[in-house]
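Student: What follows is a single structure, and I will ask about it in a moment.
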Amino acid sequence: MAGNLLNGLRAAIAFLTTLPVRIVDGDYDAFADRQYLFIPVAIVTGLLLGVAGTLFQCILPAPFAAVLTVACIFLLTGINHLDGLSDFGDGLIASGPREKKVRAMKDVHAGAGGLLFMAMDLLFLFALAMTFAGSPTWLFVPLLVAEGCAKVAQITIIAFGKSAHEGMGSYMIARMKKEHYLAAVIGAWIAIGIAIIGAAIIPGGGNPLRVIMAGGLAMLSPLAVALIILIISDRNFGGVNGDVIGAANEIARIAALGVMGAVLWMRF
């Protein structure tokens, strides 16, 4: 049992980050059977990004801190999810019947829709990172919360989506266990809640009630993002695939940061 858990954890790290991990036969099967492992990897990733972002925030002007923070996000998590967002954008922008949209999404070349979605992703990340970097709020908690929320959106898509076609997405969907999904969401909310409460009680972190409200709304945002993506994907592609799951990661990260940033900056 412990061996299978370790195998799954290795695959989760390799799948969700760029950290060098040696994969052996059976690791991805172990990960697919234990998809709650999305969350511990997300929390560790968020911790690393939070430390890096806060360090940049302490020693650099806000624009430079924001650029380096965004760079670290993709250096640590890779661009597989960004590529999924690009393919998702190509499929949505393509006009015509569902079959044409699916072909556009599966095309290996990035089209106008994909380039637009990637550009908007980077612009939103930069703007939101700069919003926090230039404020009294430390980047640590928003980055940690955003990574946890991104993975909650992904596993929600996997748990409740139907496969559009055979591939990595259908493989993960077929092996998702609802009890593992529930455990993952609860685990993510506990970890995020601890981080938010910590941020609220630290002196100089801003209005505690506003911090808690921002964090609470951010915790709910990946469920809303996943629901919207599921509806859009079903209408346009007849279901979800790996690209849709990857797109959910990028969109939910931005949504969580956006919700937190908006609430913390409200003048009331």
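Note that Cβ sites are derived from N, Cα and C of the backbone, with glycine treated the same way.
Not my notes, these are from Swiss-Prot:
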TRANSMEM  1-21  transmembrane segment
TRANSMEM  36-56  transmembrane segment
TRANSMEM  59-79  transmembrane segment
TRANSMEM  112-132  transmembrane segment
TRANSMEM  138-158  transmembrane segment
TRANSMEM  182-202  transmembrane segment
TRANSMEM  212-232  transmembrane segment
TRANSMEM  244-264  transmembrane segment
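Context for these features, please: burial, neighbours, distances.
Tutor: Within the same chain, residues 8-9, 12-13, 16-17, 64-65, 68-69, 72-73, 76-77, 129, 132-133, 138-141, 143-148, 150-152, 154-155, 180-181, 183-184, 187-188, 191 sit at least 6 positions outside the transmembrane segment (36-56) and bring their C-beta atoms closer than 8 Å to a C-beta of that stretch.
For the transmembrane segment (59-79), the list of distant contacts is 16-19, 45, 48-49, 52-53, 122, 125-127, 129-130, 133-134, 139, 143: same-chain residues at least six beyond its ends, Cβ to Cβ under 8 Å.
Within the chain carrying the transmembrane segment (138-158), a Cβ under 8 angstroms from the stretch's Cβ atoms is held by residues 16, 35-36, 38-39, 41-43, 45-47, 49-51, 53-54, 56-57, 65, 69, 73, 128-129, 132, 169, 172-173, 176, 181, 184-185, 188, 191-192, 195-196, 198-199, 205, 215, 218-219, 221-223, 225-227, 229-230, 240, 244-246, 248-253, 255-257, 260-261, all 6 or more beyond its ends.
Long-range Cβ contacts of the transmembrane segment (182-202) within its own chain (Cβ-Cβ under 8 Å, at least 6 residues beyond either end) map to 35-36, 38-40, 42-43, 137-138, 140-141, 144-145, 148-149, 151-152, 155-156, 208-209, 211-212, 214-216, 218-219.
Within the chain carrying the transmembrane segment (212-232), a Cβ under 8 angstroms from the stretch's Cβ atoms is held by residues 92, 141, 145-146, 149-150, 152-153, 156-157, 160-161, 189, 192-193, 195-197, 199-200, 240, 244, 247-248, 251-252, 255-257, 259-260, 263-264, all 6 or more beyond its ends.
Sequence-distant contacts of the transmembrane segment (244-264) (same chain, six or more residues past either end, CB-CB distance under 8 Å): 80-85, 87-89, 117, 121, 124-125, 128-129, 131-132, 135, 137, 142, 145-147, 149-154, 156-158, 161, 164, 169, 172, 206, 210-211, 213-215, 217-218, 221-222, 224-226, 229, 233, 237.
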